[in-house]
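Before any comments, here is the structure.
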Amino acid sequence: MDQGSQTIKGKDRYKSGVMEYRKMGYWEPDYEPKETDVIACFRITPQDGVDPIEAAAAVAGESSTATWTVVWTDRLTAAEKYRAKAYRVDQVPNTDDQYFAYIAYDLDLFENGSIANLTASIIGNVFGFKPLKGLRLEDMRLPTAYVKTFQGPATGIVVERERLDKFGRPLLGATVKPKLGLSGRNYGRVVYEALKGGLDFTKDDENINSQPFMDWRERFLYCMEAVNKAQAATGEIKGTYLNVTAATMEDMYERAEFARDLGSNIIMIDLVIGWTAMQSMAKWARRNNMILHLHRAGHSTYTRQKTHGVSFRVIAKWARLAGVDHIHAGTVVGKLEGDPATTKGYYDICRDEFTHRKLENGIFFDQPWASLNKMMPVASGGIHAGQMHQLLDLLGDDTVLQFGGGTIGHPMGIAAGATANRVALECMVLARNEGRDIVNEGPEILQEAARSCTPLQQALETWKDVTFNYTSTDSPDYAVTATASV
């Protein structure tokens, strides 16, 4: 969409009263973004009768320096520099009322190393702006100069693998089920059986903190006893994600320190704690040589719908800057939202040294990562051993595959469920390394392995008909049609 700048110049720019945003300098179609600019792509849905150019200029204004009327104090600032600039508006393919608005922000508008400050502008009051039916932050380009003000993941994929001494395959985990109600002793039994059976990790779920049925100290003690026994029994390094999420930072630090003192190598936090708490825990994890796992609890309240909110690809970028080592990023084949092409984009953001623009995966900008450590994506939610060929093909080696119900729901017990998943993974990795077509031969490869592994045979029989084939609500706009889950 092309429309010339209508910015009012000179003294008329500062006349008292209300002025269109585009005339105030927030629409600059000839602007060439600088390498140091923060660039955002918004999906805007204007109210009926609202011009999309004016809507884009309004988003630029309300997310940077503007208010609803002209203020004389603009003349006391370098307004030309600090005003965000909407410089391009494109109609969203296959829509009549949605537009992609590209907006550039001067780097000086943001505090170094602060996700809280960045988000206060980019997704602040502007998301309640009445002239818009909907507003969604689709993607951001964060310049190298800004990226380098963040610590990034404290451990990273390479060092995590070195600590675990596990290479050449995805890591295996399981969320303890039921997520609520177990006593500390029984919780620890689940952890031990799963780790002894072949998993690398177990984890707390997002809402297990410190409830009447199980105090957090009790859980930590029983879990670490289970980890130590499983390590002794198997000769492998094991771990369990101890959720330190709590009401205050003081409580979270206390729990994290207790986990460290018990010998844990990993702690967990929930996305709902907020960005300041997340960055604080990431700095603590770096100081204490701990892996930090982020459960994305709550994200779908604002990432799932296409017309309003924030895309998860943006959340993944912010999380990598903030410094978490793991993040739940979707499974494609599981029970939770996950378009294949879109999920591929999420995984690229986590693991790339430089993420290239790829519209078919929902990536709108090239993104340099300035040597920040890579972040391990986690696949969790409704997956089982019978999908192992799909998971390995779609998600690759550098991921954690978490089979909660797919381990603990095994008809032969928890240890058997873990063994089934470990055998399924190792037979699939071996077949891939031998050059076999695991996508098409996957079921056959699993059946071959199951002939000498009863737990795997039982898993394949139990969940053979379980699929979650629903069309995704968040597929790339530059694909021809929405892609159904595999």
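Cβ coordinates are placed from backbone N, Cα and C, and glycine is handled just like the others.
Worth saying up front: this structure is predicted, and the values here are computed from it rather than measured.
Under the heading substrate binding site, Swiss-Prot lists Asn125, Thr175, Lys179, Arg296, His328, Ser380, citing sequence analysis as support. Summarising the annotation, Swiss-Prot assigns active site, proton acceptor to Lys177, His295. Marked as Mg(2+) binding site by Swiss-Prot: Lys203, Asp205, Glu206. According to Swiss-Prot, the feature N6-carboxylysine maps to Lys203, an assignment based on sequence analysis. The site 'Transition state stabilizer' annotation in Swiss-Prot covers Lys335.
On the structure: features taken from Swiss-Prot.
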residue: Asn125; record: substrate binding site; Cβ neighbours (10 Å): 11
residue: Thr175; record: substrate binding site; Cβ neighbours (10 Å): 24
residue: Lys179; record: substrate binding site; Cβ neighbours (10 Å): 13
residue: Lys203; record: Mg(2+) binding site; Cβ neighbours (10 Å): 28
residue: Asp205; record: Mg(2+) binding site; Cβ neighbours (10 Å): 19
residue: Glu206; record: Mg(2+) binding site; Cβ neighbours (10 Å): 20
residue: His295; record: active site, proton acceptor; Cβ neighbours (10 Å): 26
residue: Arg296; record: substrate binding site; Cβ neighbours (10 Å): 22
residue: His328; record: substrate binding site; Cβ neighbours (10 Å): 25
residue: Ser380; record: substrate binding site; Cβ neighbours (10 Å): 24
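For Lys177 (active site, proton acceptor), the Cβ neighbour count at a 10 Å cut-off comes to 16, with all displayed protein chains included. In sequence order, Thr175, Val176, Lys179, Asp204, Asn207, Ile208, Tyr241, Asn243, Met268, His295, Ala297 are the same-chain residues whose CB sits within 8 A of the CB centroid of Lys203, Asp205, Glu206, the residues recorded for Mg(2+) being left out.
Closest to Lys203 (Mg(2+) binding site) in space, going by CA atoms and restricting to the recorded positions Thr175, Lys179, His295, Arg296, His328, is Thr175.
For His328 (substrate binding site), the recorded positions whose C-alpha atoms fall inside a 10 Å radius of its own C-alpha are His295, out of Lys177, Glu206, His295. Among the binding-site residues Asn125, Thr175, Asp205, the ones whose Cα sits within 10 Å of the Cα of His295 (active site, proton acceptor) are Asp205, in sequence order. DSSP assigns Lys203 (Mg(2+) binding site) to a strand segment in the three-state reduction. Of all residue pairs in Asn125, Thr175, Lys179, Arg296, His328, Ser380, the annotated binders of substrate, the farthest apart have Cα atoms separated by 37 Å. When the Cα atoms are compared, Thr175 (substrate binding site) and Asp205 (Mg(2+) binding site) turn out to be 6 Å apart. Using a 10 angstroms CA-CA radius around Glu206 (Mg(2+) binding site), the recorded positions that qualify from Asn125, Lys177, Lys179, Arg296, Ser380 are Lys179, Arg296.
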